[in-house]
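Novice: Right, I'll just put the structure down here and ask away after.
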Amino acid sequence: MGPDVPLLNEYKQEFFWKRFPQTVLGGPRFKLGYCAPPYVYVNQAVLFLTPWLFGGIGTLLCQLQLLQELHATVLSGMLMFGAAAGVQGLALYAAHRSGTVEILGGPNILVDEEEVEFNHCVSPETVRFIAPGKRFGLNVVLHTILAGVLCGFGTWYVFLGRLTALYGSIGVSLVVFVLSWVTLCIAEYSLIVNTATETATFQAQDTYEITPLTRPLYIFIFIAVDLAERFSGPVPELQLASQVLHVLFLFLPLLWALGILPPLDALLLWGMEQALVFGLGGSPMSSNLRLLLMFGISAGVAVCNYFIPSTLGVVLFSISTGFLLSLDLSQVGTLCRGPRAVFGGRGFRRGGSPPPPPSNFGWNLGCRELLLYLSLFLVAVAEAGLLHHFLGLTPSQSLVTGPQAPVSYLLLVLFCLCWALREIQGAYVFGGVFLNPLYPKGMSSVQTFKQRDRGLYIAAAIRRVLLHLVSPFAMIAFLSMDKSLQLLHRASLSVGFTRAFRVVWQNSEDALLQMVVVVLVQLAAGNKMLPGWDNLGTGVQLLLVGLLIDRLTQFLAKLKFTLTVLVTSWTEKKQRRQSAGTLLALNASLCPLLLVVVTLSALLSAPLLPLFTLPIFLVGFPRPQRSWPGPVGTACPCPDSIFYQQMSGSLASALRTAFARGSLGSLAPGSHFLGRFQDRMVWIMILERGHGYCTVNIKGLELQETSCHTVEARRVDEVFEAAFERPEQLGFTQGFNLHWGNALTPCAALAVQVYSDARNVLSGIIDSHDNLRKLQDDFLKALVWLLLRYCVQKHKGFLWSSEEGPGVGGRKSQSSQLAQTTCNQLPEAVIDSSSLTSFGDWSDEDDLFGPQPARRTVALVTAEAQPGHAVLQTGASLPGSVEMDSLFENMALSALQPLQPLGLGIGMPAVDKGCNPGIFRESASALPQLNFNCPQSEVFNLPTGWRTAPLLPSRLLQLRPLFPEDWFRFTLGQFGPAVQGETSEDMTKALKEDEALKELHAQVALSCLISLGAESAFTSPSYVYRLYCGDIPWTEGLDWLSSSKELYQLALRAFRFSFKLLFDQASLGPMESPEELFSTLEEYERDWYIGLVTEKGWHDSVLQEKPFLFSLGHDLAMGTYTGRVLSLQEQLVQVGRLNGEGVRGQWANLSWELLYATNDDEERYSIQAHPFMLRNLTVQAADPPLGYPIYSSAPLHFPCL
């Protein structure tokens, strides 16, 4: 797509320009897509101005001194309450009338879906159009009462006498009065008449009708400040605040229209998160419930500190609670059950990657972990108590000469060492500008990389000790001796020290930086007093420094994101729109305004929203760091999801090591990382951080790359290659990061157990006549081996389940399905619902326009044509995706059956439906008795039903020379000791020479050969492919073969083994001895899954981490057959840090564009590839329904000490 693709298509543009005026005015619909009677507009205008009318009455009576202010306020409120009740009564009446009237005739599909037929000014249709009413009765009462209260207090807020007293000018007061009532009318209309869709939309659906309360809430906040100023006496600060807020009150409609003010739910979550992090020393939480609980407990600790009379008690209580709350106490029960329970419900329940061994520290709560935590707790409490008791009350309180002086210099040294040791752990240093010369060069092998990385590992161990075992105690010593503890019973100091003692454990690295800044300020001042600064106290100083550092970091990240959008809008030709020059000129001329927008978004900790990802920047509404309201772990699963599910366990273990070492830089909740391996993209987001633990969410992006995905993936590879595949000797210019402007900054390479995917075109192998002629012999050998192995397993008492046998099942032709009655079920592409949260209620098949007929593939049709056959289960499709399965799935066109009327069975062999399905079977009593010469032969006897093939003896006799007698004896000799124990060679020899046993296995093997239609040598690749898939054409023996599930599975499995032998021998050369063939078959059985990608067994084998998997496929477009081999091995996954503010900004635009502008066009501009911003990948990684990751783990808690 070109850069000038429309931002909104024509229909969406018309929709947007109808919706936006409604948002600005609070709900009135003055712009319609059709002609409406004038009274529709007049009614809306009257309802819009009604609050002003009632407020004007109260104001007039007050100005005429007929009523006091309070009485005028009550009168306006009561009038508005009556009007609101009347509107709601009319809405209920209209809804009742509409529900009882039956509309004759069908709907007219030629008219606009939004068009309403108006009869008269108060008809039910008119009332429903203007005032739709509330869904819940409680909201009818609540919103009506709030409308009256809002009008009353609003009248009081904008009395002309009050405004004149504030500004001292009647002209200014009149302007403020008029514009303030516009704001009040907008809020009243959205509350009681019709609620407009807000540009600041957090939830996809407003289930509980919270949106109407948003605008009144902000007005009540303004009124509360004014009431505080009125009743608190002459406070200059409050008077100034009231003057400013009265002016800001006029701009509330603009702020609502631009979406800067958050909705109630986002405001509440954002406020709690900010207070918890910066006021109470906590961390953002991985779920809303955890955030609410942690905020309540932490606030309770601060309140307790305020009321504790002793400073020593405050110090001990703060350290104890700070240490305990910084731990992940919610996982104590899980950790006590061991490491498997940690990942039990988080994507690893069914196989998955095995968790790290229990010996690794932190994965379970054992004696070592308890001893360490208890030791840290006791030492910290003892140190703080002793230092505060003996040195906290010393007369000399100077930081330069007092007892804090040596600790201050120790903190400076610790900070420099920890920063330097962390900086050298990554691929780049100094903010990603320069390459790290100490980082291992070359990624030829995992072992080589680990050997070269050993030096950095030692440096990381030293840093870990300094950061987690030395720094916390140094910071506790500094705080325990602080002079401001004597003034603790002030609310600000109580909160400040509660936070200070908590953040020492919650985030030691950030706490160390904040304390160093405070120390440097004091050292720079020397013995001079800084009155404003010193009066704050150390606790509040640390709080302000932490807030300042966070906002400064956000400002720099947002500024980098802004420059990236601005510069690339012109330098990238594929991003250069016709308006690019104009937008650049506007941004340059309005540069101060642009800096104000960036600064305001940083101060509010709100995303910087680039509208349509163009250089048009707005301040998004503040929201939690997670950006999305729903629970973590929602995805749009597909068959490829299992690869991410499998690697998540090993990746979590590697991330644990990288976090502990500092290889990925500073870990702050809200940080985003991108991992790359072959065609896999892993999106990692840090949700929560505490003492010794980290909580992350791992997402997997789609493997079927689109053109946009491919462009950005190629740039990601280039960025990683520049960092990790650099030459041994770096020149001066090569030491710079040439991709510094990119959103991705490479950090480290992690060793992870993943599947390497290799695909080969089988031209020259599957169509070689020499190979196909040998396939028949290999099939018989593999079948003989499997039959004997079946007998051994049966003797030992364990057999694979008929439903879990690897490589079993497959598609069947229509003829084979009609012939089978007890055949195994068709395979399913199964996604584990326990580990992948499906987004089932989002589907392109949604019943928007009435019931839709389901799409029916050949497999579904033939399954339905079979009486009593189980119906195939189909999974939910991805939002916006197109089903790529063709009508005939992967079946070769040459292999399709001739078309015929369904259910008639024309051309099929006659089947007597009144007979037993075993019509061709001979009864067991009619079979001749087997007389084995060796007593041990009974172990290798086969079930009686396997000898009842409805085949003429002459046919079996004709094929008898094909049976591999030498291989049978050799295999029997290998399996014999497994069932005999220690026996003599004579017994083994007798077993080999038992003719009855040999004839039994020859009869069963040749019967299977005939039933599969393989009497003659294979000559057609399409026939080989059909047999491999289990799509067996009808033969006279197929009824008998399919009647026994176990034998059918063994035969199909043998054919797949034989094809794998063909593949290996064509690639590596022929087998040189029976021993080699026997060991190869054993390896297939033990280490391989040989089947189809669409089978459940493939899915389970990936999760169970089978070392190798093989599948045969057919590319219908190219007309070629392909072989796919997955091999499990330890590989290096390259991980880089993303610009978190860039991600939040693009997600904010995505939320606005889809939830407000409803711009769901799959070819829209904002989803096109952008090599610098990684726009397409970022959109994919958003939570559904806006994004579409194919895998998303639940919050993963793992240790990082």
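Note: Cβ is positioned from N, Cα and C throughout, glycine not excepted.
Not my notes, these are from TrEMBL:
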- 1023-1193: domain 'Pecanex C-terminal' (DOMAIN)
- 39-62: transmembrane segment (TRANSMEM)
- 74-95: transmembrane segment (TRANSMEM)
- 136-159: transmembrane segment (TRANSMEM)
- 166-192: transmembrane segment (TRANSMEM)
- 244-270: transmembrane segment (TRANSMEM)
- 291-308: transmembrane segment (TRANSMEM)
- 370-391: transmembrane segment (TRANSMEM)
- 583-604: transmembrane segment (TRANSMEM)
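Can you tell me where each of these features sits in the structure?
Specialist: Sequence-distant contacts of the transmembrane segment (136-159) (same chain, at least 6 residues past either end, Cβ-Cβ under 8 Å): 51, 54-55, 58-59, 62, 69-70, 72-74, 76-81, 83-85, 88, 92, 176-177, 180-181, 184, 187-188, 191-192, 208-209, 212-213, 216, 219-220, 222-223, 226, 249.
Long-range neighbours of the transmembrane segment (166-192) within the same chain, counting only residues 6 or more positions beyond its ends whose Cβ lies under 8 Å from a Cβ of the stretch, are 25-28, 47-52, 55-56, 59, 80, 84, 87-88, 131, 143-144, 146-147, 150-151, 154, 157-158, 160, 211-216, 219, 239, 242-243, 246-247, 249-250, 252-253, 256.
Cβ atoms under 8 Å from those of the transmembrane segment (244-270) belong to residues 20, 23-24, 26, 157, 163, 166, 176, 179-180, 182-183, 186, 198-203, 210-211, 213-215, 217-219, 222, 225-226, 288, 291, 605-606, 609, 618-624, 629, 1152, 1156 of the same chain, restricted to positions at least 6 beyond its ends.
Listed as Cβ neighbours of the transmembrane segment (291-308) (distance under 8 Å, sequence separation of 6 or more from its ends, same chain) are residues 269, 272-273, 275-276, 279-282, 284-285, 314, 317-318, 321, 325, 488-489, 491, 494-495, 497-498, 502, 624.
For the transmembrane segment (583-604), the residues of the chain that approach it from at least six positions outside its boundaries are 551-552, 554-555, 558-559, 562, 566, 569-570, 614-620, 622, judged by C-beta separation under 8 angstroms.
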Novice: Grab the same-chain neighbours of the transmembrane segment (370-391) for me: Cβ-Cβ under 8 Å, and only residues 6 or more beyond its ends, written as numbers and ranges.
Specialist: 311-312, 315-316, 319-320, 323, 327, 403, 469, 472-473, 476-477, 479-481, 485
Novice: Return the average pLDDT for the domain 'Pecanex C-terminal' (1023-1193) as a whole number.
Specialist: 91
